[in-house]
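Below: the structure, in structure tokens.
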Amino acid sequence: SRENFIHLCNPHLEKMKEDILYHFALGTGTHDFPALFGDVKFVCVGGSPSRMKAFIAYIAEELGLGSPGSDYPNICAGTDRYAMYKVGPVLSVSHGMGIPSISIMLHELIKLLYHAKCSNITIIRIGTSGGIGLEPGSVVITRQSVDATFKPQFEQVVLGKTVVRSTNLDEQLAQELMQCSKEINQFNTVIGNTMCTLDFYEGQGRLDGAICLYNEEEKLQYLKEAYDSGVRNIEMESSVFAAMCNLSGVKAAVVCVTLLNRLEGDQISSSHEVLVEYQQRPQKLVGYFIKKSLGKV
């Protein structure tokens, strides 16, 4: 198959003698990127460092690449901004919470993959979300990321001007992931739109923040409008993730479990044990997809 390399939308990088990925504590002058990362084919990103470390241990066991109890060193140990782990062709990276945090991480991750001369990369965000009209524990594979007005776009101000970018995700990849969920048949999975907001409280219509100047009826009307537009879950990273992967020519998907049904409440009240099991569901689905892609199923 034809090799698809990372497309960098920045002509200035070619003129730089060295590229320092500051928030990863890595640089082209100090690290051999092709040797360290050249074999990467799958990149999984998620908010929490501990969750991404758990994922790399899980995928190592699934692929038969690690011994039980193995420790996986944090490649970005020189910084406390992000954590990065690798086993075989899989890279696992934390991105923090919200659009600004994942945006910074993605700029440096995309450059890392480019400098490493990686090809045919698939990037998948695995995470948690609030569901709309779904039972808690359901997994949503994102068709489109939409903003808080339900438009499939990401807006950013660049040099004082508003730039609007597409947030479509790879349709074939979404269908492949859906097929994988049917094959493992362990939890409810749907394909739907994901609303990406700038905030966890007011931006998502919660009634339990420090500030709330609307009532419950207005909140429910908004969430029902979101549902009617095709939205099935809400989180805070998918729009810029989709936009940046599109511009870089990278096949991408978002797979998030829902921790609650927002039509029934705002606070996450499930037990710790239940939430841990929910959070493992995207890992199981993506882990199975990677195994299947590598011919190990």
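Cβ coordinates come from backbone N, Cα and C, glycine included.
These numbers come from a predicted model, not from an experiment.
Pulled from TrEMBL, these are the features on record:
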BINDING   ARG81, ARG125, ILE126, GLY127, THR128  phosphate binding site
BINDING   GLN204, ARG206  substrate binding site
DOMAIN    41-290  domain 'Nucleoside phosphorylase'
(request) Summarise the model confidence on the domain 'Nucleoside phosphorylase' (41-290) as a single mean pLDDT, whole number. (result) 97
(message) Within 10 Å of its Cβ, which one of these binding-site residues (ARG81, ARG125, ARG206) has the largest number of other Cβ atoms?
(response) ARG125
(request) Could you tally the C-beta atoms, other than its own, that fall within 10 angstroms of the C-beta of THR128 (phosphate binding site)? (result) 21
(message) What does the structure give for the C-alpha distance between ARG81 (phosphate binding site) and GLN204 (substrate binding site)? Integer Å is fine.
(response) 26
(message) Using a Cβ cut-off under 8 Å and a sequence separation of 6 or more, which residues in the same chain sit near GLY127 (phosphate binding site)?
(response) GLY46, GLY47, GLU235, GLU237, VAL254, VAL255, CYS256, VAL257, PRO282
(message) With Cβ-Cβ distance below 8 Å and at least 6 positions apart along the chain, what are the contacts of GLN204 (substrate binding site)? List them in sequence order.
(response) GLY130, THR197, ILE234, ARG262
